Ligand code: THU
């Protein structure tokens, strides 16, 4: 019998993987390392780190790196994302506006874990971080036509 995939996020693994992702952050400019781990609907976890660029607008955040890796593998449905940074506790990192909108493209109901370096965390939602958002369904309604 095939293993049934849990609909609940694998929180413990997400916490460990987002902290692991920090290690490969490419941050010559800000020195501010961020790690993310996103869990797909099938329970696969992709890591991502922030990757900076000498032309600063070319920087990509950890959240988008992780999600791009999944989407480029053809996966567009997600359960959860965990984000952490090398900031000292007790501060939490929250996704930037661009990342909130990027996540929103693929999911409005995923769980978001904001993780401290000691792996304590706060749980939040996209709805809380990006209320009244614009998304694919708005285009279907004919916005801009
Ligand atoms: N950063 C992220 O990776 N995720 C966020 O949500 C906020 C900011 C990165 C971008 C840049 O490399 C560094 O943090 C400082 O802004």
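Backbone N, Cα and C define each Cβ position, glycine as well.
The Zn(2+) site recorded in TrEMBL includes 96, 99, and the single candidate from 59, 61 that the record places there is 61. Taking the centroid of the Cβ atoms of 50, 51, 52, 53, 54, 55, 56 as the substrate site, the other same-chain residues with Cβ within 8 Å of it are 26, 29, 58, 59, 60. Listed in sequence order, the binding-site residues among 51, 54, 55 whose CB lies under 6 angstroms from an atom of ligand 1 come out as none at all. Counting every protein chain shown, the number of other Cβ atoms lying within 10 Å of the Cβ of residue 55 (substrate binding site) is 7.
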